[in-house]
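Enquirer: Sending over a structure as structure tokens; questions will come in a sec.
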Amino acid sequence: MEYTRLHDRKETVTDYGSLSKKSSTLEVNVHSFYDNRPYKQNEFDQVCKHQSVNKPGVLESCKSKLVESQCCHPFALLVNLFPILDWLPKYKWKTDLSQDVIAGITIAVVHIPQGMAYAILAAVPPIVGIYMAFFPVFIYMLMGTSRHLSMGTFSVICMMTSKAVLMYSDPKYLLSDAPPPIHSIHNVSGIPPGSHNGSLTEDVVRTSLYATGYSTGLTPIQVASAVCFVVGVWHVILGALKLGSLSVLMSDSMISGFTSGTAFIVIASQIKHVFGISLPRHSGPLKVIMTIVDTINNFDKTNWLALEIAVGVTLALIFYMQFLKGPLSKYIPIPLPIELITVVLGTLASSKFGLKENFGISVVGHIPTGLPVPEAPPMWLVPKLILDGLVIAIIAFSINISMASILAKKMNYKVNSNQELLASGFSNIFASFFSCVPFAASLSRSLIQMQSGGQTQLTSGVCCGCLVFVLLYVGPFFEPLPHCVLTAIVIVAMKGMILQMHDFVTYWRESVIEGIVWGATFSSVVLLDIDYGLVIGICLSLVCVIFMSQKVLVTRLGRIFTTDIYVESDRYKSAFEIPGVVILRLLGGINFVTKDKVVKKIAKNIKAASQEFETQFVILDMMAVSSVDSSTVKAFQQFNKDLKAQDITMKFVQFTEPVRKVFQRCNFFAEFDESCLFPTIHDAVLDSVTLTNNNGRLKTSFTNLTDIITLGSSSTLNSLSHKVSSKL
């Protein structure tokens, strides 16, 4: 036995204040007690006054959450739903207003070229991109919890929306000069009456007819609005169910591979504007390859001026981003709106030299002025879009919450994932009545908003005010803008996503499994399609989680001399394995899938240890076992019986409370009492080695200074002494 005596003593502590110079005394009574080792678990629980912590039931948990969220109070519920009611009364008008105004104007300037460029990706007129920067952003300002997210068009979401738009749009409204029988803005396809110039011409018609096979009577904007509505409904449902953690289904490697693959699809969809040629839009597997083949086959029809403009603008933008942006930021307090400057110069040049009339270059075309008339999306189409909407909703939310979390952590505030779902949902539903595509956050715009001094969501309000002016008065100015200029802006925006291909090497080096997830997701997105790639990526991530959860480590431990520290014996030369005692540490969750593997590993370690000394005790360290199930307990019961038949005693140490309760509920201790439980490894070792030397059993005693090991025969003792000397 080991005894530690702590003497009775009374101490007086004197504390002198540095300012008052007055002293205060505190009398401390230190009680005398004996630390009687080894402890068994039940003795330890009794001495240390163990108490069970009862978790609240389902009803109690729901009640406490309702009280915590203050949902029972009408005003508190309103504040939770509209966080602006909480932060606006506390707004620092003197210090934050000027910064929010500057940031809002800056973001509005960025929204104009990006919105027009990304709207084309969704197969809708460029003006829709400006609508998306106003209607949903205004609602998000009222309901969102992120202070720096810049909502609006996002390339991946627009590209995913285009699939439904091309599938369900009626081609007759794209080619017919007769206006569709719906309200003003929905009549606009981006092509003025009597002209077939633009991105939505015979290519869209061919795709739409092939996909649907019948006349839908819908314009691209109506279909996009229906998609926006479905995405919003999904977000509201997920937010109401508190499923804000849904984004954890997508690992970082999966998201990186997905966005990189999507960047290639985006560029492939814009290749026709780079070369100034007309290409059929493909959908489904291998569409990127088919687009490349079509481009090669139609290369002789290239509009060389369009190609020169696209390449020149792309190189100029990249040169600015790489070499001029950094140095200029030292002299210019706000980011230079290089994209807007490019759009303005392209518009002026096109108008001056008549690029459309004289050189056959595709331009944006008719842009209506004013705000769109509210129009409900076609509800009969909603059931057909449920799956497409769910996929877009998951991707959009994952993008939003990941960016919001990064910015919130950097600026030291918190975002509410469930409230973000509700904010995105209601914003999309509202925007669907105003000719909008589903929206998402843009990392580039969000970083600009933060760097330009944006402090609160009021930045979005200022941005909306600026864009209203653009919609009312400035829109027609951009009608001569060449598509190849917008395409160049899109390609440059994709540069960051394409460079994420370097992540594959990083993930592969860090973890082969994550490297496989990245590669498989990227390949499936590029070769199959965006939705296929998403499903494959999520499934692979889940398979990896299942695979890693099946990995349970079993390591042998040894004691560091003169201490009660036990470490992995194969990693520390000073660690000494006690003869006859096998100490094993189990790491991971053990369940019906892994139980047999764990038992085999334990048996293998016992067999290996028995080659040197007869094993008499097996001590299992359960501290790192996160969970067990009933089948695991039954497996240990049978294994314990097998060990007893071999005259080997099994002991458990450092049970976590949840694991111990499972063993108790499964009546493990009805057959094997709780005397086999110990609070620490050292207690279990002491209990094992201080047994009397009956029937040749080993007897070992430990002191604080030395380890004295006594065995039944002198030959074995000499062998052990030699092993100890070699260890030392």
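Just so it is clear, glycine is given a Cβ too, placed from its N, Cα and C backbone atoms.
Whatever TrEMBL says is automated annotation, not expert-curated.
Note that the structure is a prediction, hence the values are computed from the model and not measured.
Take a look at what TrEMBL says about it:
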- 97-114: transmembrane segment (TRANSMEM)
- 120-142: transmembrane segment (TRANSMEM)
- 221-241: transmembrane segment (TRANSMEM)
- 253-271: transmembrane segment (TRANSMEM)
- 304-324: transmembrane segment (TRANSMEM)
- 385-406: transmembrane segment (TRANSMEM)
- 426-444: transmembrane segment (TRANSMEM)
- 456-474: transmembrane segment (TRANSMEM)
- 480-499: transmembrane segment (TRANSMEM)
- 534-554: transmembrane segment (TRANSMEM)
- 571-688: domain 'STAS' (DOMAIN)
Enquirer: Restricting to CB pairs under 8 Å, which listed stretch, 120-142, 253-271, 385-406, 480-499, is in contact most with the transmembrane segment (534-554)?
Expert: 253-271
Enquirer: Is the transmembrane segment (253-271) packed against any residues at least 6 beyond its ends, judged by a Cβ distance under 8 Å, and which are they?
Expert: 120-121, 155-156, 159, 162, 279, 281, 287-288, 291-292, 295, 395, 398, 402, 487, 490-491, 494, 497-498, 500-501, 503-504, 507, 514-515, 517-526, 530, 533-534, 537-538, 540-541
Enquirer: Please report, as numbers and ranges, the same-chain residues at least 6 past the borders of the transmembrane segment (221-241) whose CB is under 8 Å from any CB of it.
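Expert: Answer is 122-125, 128, 161, 164-165, 167-169, 182, 185-186, 188-189, 375, 377-379, 381-382, 385-386, 388-390, 392-393, 396-397, 418-422, 424-433, 435-439.
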Enquirer: For the transmembrane segment (304-324), find every same-chain residue at least 6 residues outside the stretch whose CB is under 8 Å from a CB in it, and list them.
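Expert: Residues packing against the transmembrane segment (304-324) from afar: 273-276, 338-339, 342, 346, 355, 359, 361-362, 482, 484-485, 487-489, 491-492, 495.
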